[in-house]
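Features from TrEMBL:
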- 168-187: compositional bias 'Polar residues' (COMPBIAS)
- 1948-1959: compositional bias 'Basic and acidic residues' (COMPBIAS)
- 1-101: domain 'C2' (DOMAIN)
- 184-302: domain 'C2' (DOMAIN)
- 341-472: domain 'C2' (DOMAIN)
- 1093-1221: domain 'C2' (DOMAIN)
- 1253-1382: domain 'C2' (DOMAIN)
- 1504-1622: domain 'C2' (DOMAIN)
- 1740-1888: domain 'C2' (DOMAIN)
- 125-188: region 'Disordered' (REGION)
- 922-943: region 'Disordered' (REGION)
- 1948-1968: region 'Disordered' (REGION)
- 1996-2017: transmembrane segment (TRANSMEM)
């Protein structure tokens, strides 16, 4: 189990408008989990646990988690903010069980830090079956693990800086299932910590070396591509090149996007220009690296393979380190192991869960869709009507479906003019699926206008096994039951589409985006029946195919519908802010109940209209009283109860678990004793176990609508319902349950409630159907709100303000169930349901008579809107219902609200109008009296005082407006209007109209005792039930006025069910009650929408009895409110609203932490319904906090909701507890409120037994009563106000004379004023003291608020900065314990007291000679390396027993022991509230140095107060100091030049002084060794900030700043840890460790003793023993087994120093300070190893400074004698056909390629032997300490500086075949590492390639075969050369060599020349004895004849000669034969 606790993030970037709503998601192996989003917060605190189930697979060392922080958008894709990656290597290795990652920087898409950080903790429980080897990387992942068993051999010793051995979380793992869970979370947490906003990240890629690259004589180059940016290394040679280059990629992107980006490594052969030069590649997600511990992969080997041919195997290995640095991260230091260069590849191989790609086919079968809304516009519709189109064709929609996945898109065919299309097509999406990728299948039904969009989240419909949110892991292995993984599968099931509401027929739809799936859709827009399945590998034949008819038949059974009944009773609607037209609510599920839909039967789905009434304070509510509107909707859906039941059961368990967890956390907060905590915890566990055992999920067998996904999810859920222990486990597990409860195949649409104001849809709420669904399976399977009253806040569609304003809060009771179970509804319903038909009779007044003649456009009888004509005769009750009574007149009370309803005071107003012709006299206008809109009104005399009101005054002219002195305002009427549009207060000639406002106030009369409180409406109104209006519109009133022209009255008729009883009968109401049939007959076109639904029966639920309740709301205080005013404060007050009543607290001035301490009492709150139900689900108390502004509208600070505690019996002695409730503004947390509420049921007996009324603080302001308010204690707060620093100007003027105001718990104290900030920025008197009453309970303590006020001319005192300290816990102390730090030891108070007589520091120069010799072997760097553990670099240093120093890998301020050096005073950052533009201003405007002590005071004033804490303070005046800054070296600087390096130098500024070290810049390096010391003087505290910057030297352009770090010298100086100069280990008076402080150890010890109030230390026995603080110390005890060397000082001082080192002071040290730049403010730009010494000049002269000049490299010479070669491949065939080679040998050292050397050529070697006797000589610079060669050379001929490279000392020898006319042929190569030499063979026979493999195979420990040539000095023998043939290495020849390394001095003694040149000695090389056959044919023709022609063809020659002789013989014979014969015949001589 992997558990990621996503705690919090800091410093997220703002958006352009406002703050982000951060949500964090953690991704572990393609599985993604999210936290909740936090509204409008740049420093969100999630504290959520995300769990990842590892499914029994242990973590491997390459595991990691990605944490992505996004800005949650309700609409659209969440916006990426930043991300980070956390490696789980430490967890995997089993060293730690939890991995806290603090302040991990977040980076953006480009890897640049965004300046934000995130905190998380990753916990891990290894699975039970995990192998015992902690380093085993074989985690059974989908990729083949090439590593086998070895698993990170060197992992054990790499505990990373942030991990450490932090102990395991919880119990040791017991065998069994529970073990390995914790670890899984870890990964996710890491990323979750990142705020999801674009942020800066830096990806650092370090290419170290490559091995075993394939190819011959290659020149490899590595190209690294990250986020579209490519860097390449320098070109090297050989198959095992060493690169050691680091690349930085800075990105600014969303973490989630960054983590999906790849880092791709490609190795090219730079020789070949052909396309096949790519030798191998490796890809890896950035997220993978981020999830490793410390977000880095350290020195791992990557296996390169051929991207095109994945089966081809390894193409070589590349060793890399990868870092992803987010904001605030410190990249870990790379440690080079000693044997690093020949580590075992196999054991250190990085196998990411890989980017193995496989083909998968997602087949989406699209069957049909239904309920698709009309798309063509109303406008076009009318056009069609005009042009004679057939207007009755309603379905103007041509739907098709488009599915997208992973960038591919497929569409079905288009079916024209059909709202219920059947496509029956199969879309095959072919995707190459990585194991990664949460891909969405996106269905978009579009007619090129999107109708709606839905996402099938593959994470929800696929599982890699046991894990919930897994992406898409294509794992084919399915072993046994444990693996519950499955491929994406879905359906067949309907998916619902949501989008914009229907009736916006204006051409541009304002809510268009909703149809594209951006934001929450506000209306149902149809549904699509789809099925998804996945096949691996094989490809589909067609992308779009039609579905087989059998499949269509199979899917029929999934479409069987059942009838569902939904009933909603509206109990109240309150918190309406804008009254206006009457309001009604509509409830719909799918299209059922939607007024605009004409396809379903009309239903009673809307409430009656009613007008809002003022609640007397702030809001309006709907006056439903005892008659609650009811809505009934009948719908037909598939029966998916088996899915919904499971979901509800899991949710039920989760809710119980969460409420228990909340209780547990509250108990922790309230610091409950452990015994009680254990009880709460056990109760939680027991209840959970019980719930899990008793509430099983329903079996699936035999249920309808089963799909394969159902079965898979059931397996998944069942496997999840097992128990873990520990809090974080349970929390993460609760999250996991929540995720499991999400049902992907939810085909039942959400219930949508709309609020309509008049005809306009204003606000909506979507309620998932399962929450209100009734189930017969078990009580737990019913929805959590089924049949229960719930409070719903409606929201505006696409609300930009994220719920800043609440349109309305309703309480509604909903029940949804199968109609087969409708009887069950009876048990849920309260009250009696009645059903009425209603219609309105309308009349108009003509010539003083009422009648129907003047009804223009109205019908005699109509519906409430007046648009639909009705008649009583046409009403037919629906089937199953009958009339119960006759029609009767029943005036609608809820619509007749007068303007004064709910108000206690009211102003009647009327406007008097006059007109004139231009230049004429003013006359009364045609309508002399109107209202403000110019509508006709009564004349003032007609206004009567309503009953229950009294006039307060006569009619007066209102002249408090923009009017002239008689109250007139003037305007011009512009035809055709008859009223002016604007009014001005001054009369001009052209004005023709004027008016003035007459007002008359009245107030409610006090009701006499015993009289009825309500005057019944019947008495006031018209006896015949008419209501009147001056215009046909909404505003009706009861009394007839002279101006009225229109009247109407309501008729109603009650209906009753025929056969059913009980409330369930209302489910029979379907269909309208009848319409005007006459119009139907005429066949005129009736607008269908008007017919529909307007005439459904109205259902209401009447409650016969109500109960009176008494509500008390205790508002104690709030904290951390948002500041709304420019002065960085707010003037807060709160509106408390409960149902239909609301009250307001008092308004407080200028505070962000208001304490109201107020009880709001609501005396008689009438609530209808059963008190038991109210007790279970009380209505919420809503608190809205406002900022009171004198000018303009009050701004909302946020809203909080608190559930009251219900007491059904006032005598219950339970008391509500004040708790902190979050205040939410725009979806973000904007503070917290400490409130509680109780709701008490009042008895008939009256008031007596209510709790006592709390005491009053002022008129009508009650305090929070004792017992509820926090218990307080008199507490002393001592404030040390030391001084102000770095104050920024305020309103362009610098802050010159500030003072400090401290507010705490309502008390306020101001410090003295600093007279002159420039001269002395410290406060003249430092200590302030206040007594406050503070709560004992830490939970309730108010914050301390610090304000800095500047005293400016003219008495102005603006607040120039403020800071709120929320927790006082850290400042609490026990006043009677004078701790060691009590007296605040400090350097300064020493100076006040120390006599300055013994200040001559005598430097004895007695041993100069010895020192000079020692300088050679031992220097400061020896000490440094000895301290860092580099044994081989420090030489004999340690053996001499010298000091080491402490090397901190962080800033000194971050070392925990030294508490940030703020022990004397802390630094508080001051901020301002709003900047000039009114935006929040997070910037720091200054710092306050100070501290607090908080301790209780005795309650009894007679007892003496405890002693003060701050005393014996040092002098606060300025001090002159000498500052020495030692800069040792920098690590991993950010490159600033194009070549990926920079030319750094140091620049230091302190006060006004700047030291610029530009002349000593170090060219081309990112790890410069500076070794510089700077000395400067300064005055503290003015120049307290020492700024050390690293700049990059540029010749032509401006030098760029790499980064800087700032040290607060004042803190170092004041700290009691003596941080001004670290204490060495020994007291030396000479040598390299000479004492450098001003005071000797004995003096320092005396001073410390005095400051701590101890007696002076006494020494005896010549200083070898010492008594201090009551302890006896002797020198022997410290120096017993130490080396005593000649540099040590006298024993007494040594002993004092040993005692001092026991006091916890700062030792001699080197700190590592991170460099930051303004370009990426939170990203490390590298780090600087350095330290600072500060010496006050008043004490005297300090000792001599250390010399830290860097070391130089040593010169060495490598002499290689090439003696012979043998077995060289014979590469050529000579003319004469024999195989031979013209051999020569070439050699060089890598990095010094320009110094290549060749032997002469051994021509015509016929047997592969060559004789050379040739000497190569290579000079090189070697750093023995680092075992690397230092090569300085210019990279390009145009480079200015030489670049230093550090390269391993290697020799490369190659054998070549010499060709005169073509290119030479390459025969073989040999690469020898001189540090690690392969031992040669003594004879050529024993020499073979296996010798070389020994080196690659060997693990580094066995070094018998290998020796360093530096140690051996000389070696001779045979080595094999290899050449690659068809991917295999074969022998290319053997070389006999002598290798010898000599130093420069030896070289002069034993000279030798190159080749065989003079001086040819050491050894002398004779010319080689080559066979005579060795020559070059071109130059030696005779030898050519002799050796080539004769040797080869001698037989031929001899044969030819013989043949010639024979032929001659024959020829002569033939020639002479005739002659002879004739002679014979003739015989002439005879």
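A Cβ is built for glycine as well, from the same backbone N, Cα and C atoms used for every other residue.
Curation plays no part in TrEMBL annotations; they are all automatic predictions.
Source: prediction; values computed, not measured.
So that I understand the layout, could you describe where these features sit and how close they are to other parts?
A Cβ distance under 8 Å defines the sequence-distant neighbours of the compositional bias 'Basic and acidic residues' (1948-1959), meaning residues of its chain 6+ beyond its ends; these are 1759, 1797, 1799-1800, 1813-1817, 1942, 1965, 1967.
Taken together, the residues of the domain 'C2' (1-101) have an average pLDDT of 83.
Each residue of the domain 'C2' (1093-1221) gets a DSSP state, and the totals for helix, strand and coil are 6 helix, 65 strand, 58 coil.
Summarised by DSSP class, the composition of the region 'Disordered' (922-943) is 3 helix, 9 strand, 10 coil.
Counting residues of the region 'Disordered' (1948-1968) by DSSP class, helix then strand then coil, yields 2 helix, 1 strand, 18 coil.
Outside the transmembrane segment (1996-2017) by six or more residues, the chain places 1990 with a CB less than 8 A from a CB of the stretch.
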Do the domain 'C2' (1253-1382) and the domain 'C2' (1-101) share at least 3 Cβ pairs closer than 8 Å, excluding pairs fewer than 6 residues apart in sequence?
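These two stretches do not touch.
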Which residues, given as numbers and ranges, are at least 6 beyond the ends of the region 'Disordered' (922-943) yet have a Cβ under 8 Å from it?
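908-916, 955, 978-979, 993-995, 997-998, 1000, 1030-1031, 1041-1043.
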Counting by DSSP secondary structure, give me helix, strand and coil numbers for the domain 'C2' (184-302).
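So the domain 'C2' (184-302) is made up of 26 helix, 60 strand, 33 coil.
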In the domain 'C2' (1504-1622), how many residues does DSSP assign to helix, to strand and to coil?
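Counting residues by DSSP class gives 9 helix, 55 strand, 55 coil.
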DSSP helix, strand and coil counts for the domain 'C2' (1740-1888)?
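Result for the domain 'C2' (1740-1888), in helix, strand, coil order: 6 helix, 76 strand, 67 coil.
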